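Novice: Have a look at this one before I ask anything.
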Ligand SMILES: Nc1nc2c(ncn2[C@@H]2O[C@H](COP(=O)(O)OP(=O)(O)O)[C@@H](O)[C@H]2O)c(=O)[nH]1
Ligand SMILES: [Mg+2]
């Protein structure tokens, strides 16, 4: 770590308490790795995949798909029975029809768990169960056309109470400009729904991942989302509004519920749309626990399955929306007013614990409450002969208990209901996540507040983001700052141009660059990095001129002296999209840094504090 070009900051989150840890298996003193002991990867729950055998070139594609599907340990288990006809019952987690005929197809439930339609109420498919309980499941590679068909079917639903649907388009702000948004007008036209739609409300989701880089940063983020909408042709009356939110931490959700309730008269059903992984199912579940759904909905509707792997939701899921009558609006306002007066001290121990958990996860947090709750009836325990299938709450391997029976809505309760639908995502093409295995996706997809990592590079220096992206500083007069915004679990490696090719050759697939993982065999099937030249002109040492977005692996904000002309060469794996985002998402991100780490290109990191939206900051803390 004595020379420039030896900075490796893997899993780096806090500036304090770092210590160098020699890289495992490194030749003495050749390379060093710096990890933060308090930020280690959560243990993998399922045993590692056994070493793959060598794959001949013509079988490369099949082998790559096999790897992405995941290890045998997570594969569907249990007996299938092709003689049993599909159930006609949907899995509440993913929407697929439950069946026991084919273990590799959606909706599979082993034959011995399958009690026919009567015994499947509340049961989830094996894949959703594995995702909920094991954190992983065999990956289903449905053709994008199938997801599209389900979305088109949702758009073609007849108007409700004579009104077209309100589209709640969920986009992941870290993925701006959303590559799927421009497809929305095309999809609407294909569904013949363009004229009937009551409007598109765009939710910029996952704002909890982004640090505040200066005053009015949320306003800037909103403008970026609006600009993406405008580029996609969504403007004027078609755009019902833009809101920033975090489906995960609750930030912006009470405001979103109020906004949705205001559209009650104008709209029929509400459809959650967007790219895979943007957080639709997470938002669906958050709305299911809010004032937006009928008070009995959480007891009658199981939550959607959420997972970091694209393509989890396979068909439509729905809950009934509550009618926001004047009385209910009044009661809700009163509750919100009372809640806003609370300080952290006034929260129950359980609430405090949950809030602290969320603050650790994200920069922006919001508390979501419920006004219209039914008092819980005491549960009646009796023998249930239908208890043959999985419920999402039960572990069939370990728990002999019966699955919790979901309540059912009566015909009268839902006959006039407006419904909120979760839909399968629209697949992102040219996305690096499509090339990765489950374990790799877990490392690449940021799940916690992203801590910016800034490096100062001179011309002729190179920055690697794992083995998924590379930026060469080809030409320029002065050093420039490169702020990496990516999962804290992905390593960043800085080196010189003379060494970069050899480093990639030697370490791609290995621990130093971490992702992809699986050694030379893995790299044989992984597409090579392909370059694209980028010319930028600096606008000052405190404001980034552009972000270089390395597909969905993350991005690098480039900050350079005013009028400094830089020539960069950025690389992403062949077939994935490299985007130069101008203006950058967080223009002042480079200032979120500590002191320079002596003798390296790296700065110490800083984690700005988290903010809770609807909680008084006064009170003794
Ligand atoms: N940090 C963060 N992660 C989110 C948020 N919403 C969803 N996620 C994560 O993104 C991944 C995909 O979420 P999911 O709801 O399944 O996306 P969908 O494919 O659009 O339904 C999961 O790992 C979620 O935990 C959010 O607001 N913030
Ligand atoms: Mg989903």
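Every residue, even glycine, has its Cβ placed from backbone N, Cα and C.
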Novice: Could you check which of 326-360, 361-395, 396-430 is flagged in TrEMBL as coiled coil?
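Specialist: Per TrEMBL, the stretch marked coiled coil is 326-360.
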Novice: If I go by TrEMBL, the feature region 'Disordered' sits on one of 39-63, 64-88, 89-113. Which?
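Specialist: So the range that TrEMBL calls region 'Disordered' is 64-88.
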Novice: Can you tell me which parts of the same chain pack against the coiled coil (326-360), counting only residues 6+ beyond its ends and a CB-CB cutoff under 8 A?
Specialist: 249-250, 254, 258, 261, 291, 367, 369, 371-372, 448, 610, 612, 614-621
Novice: What are the DSSP helix, strand and coil residue counts for the domain 'NOA1/YqeH-like C-terminal' (482-582)?
Specialist: 21 helix, 45 strand, 35 coil
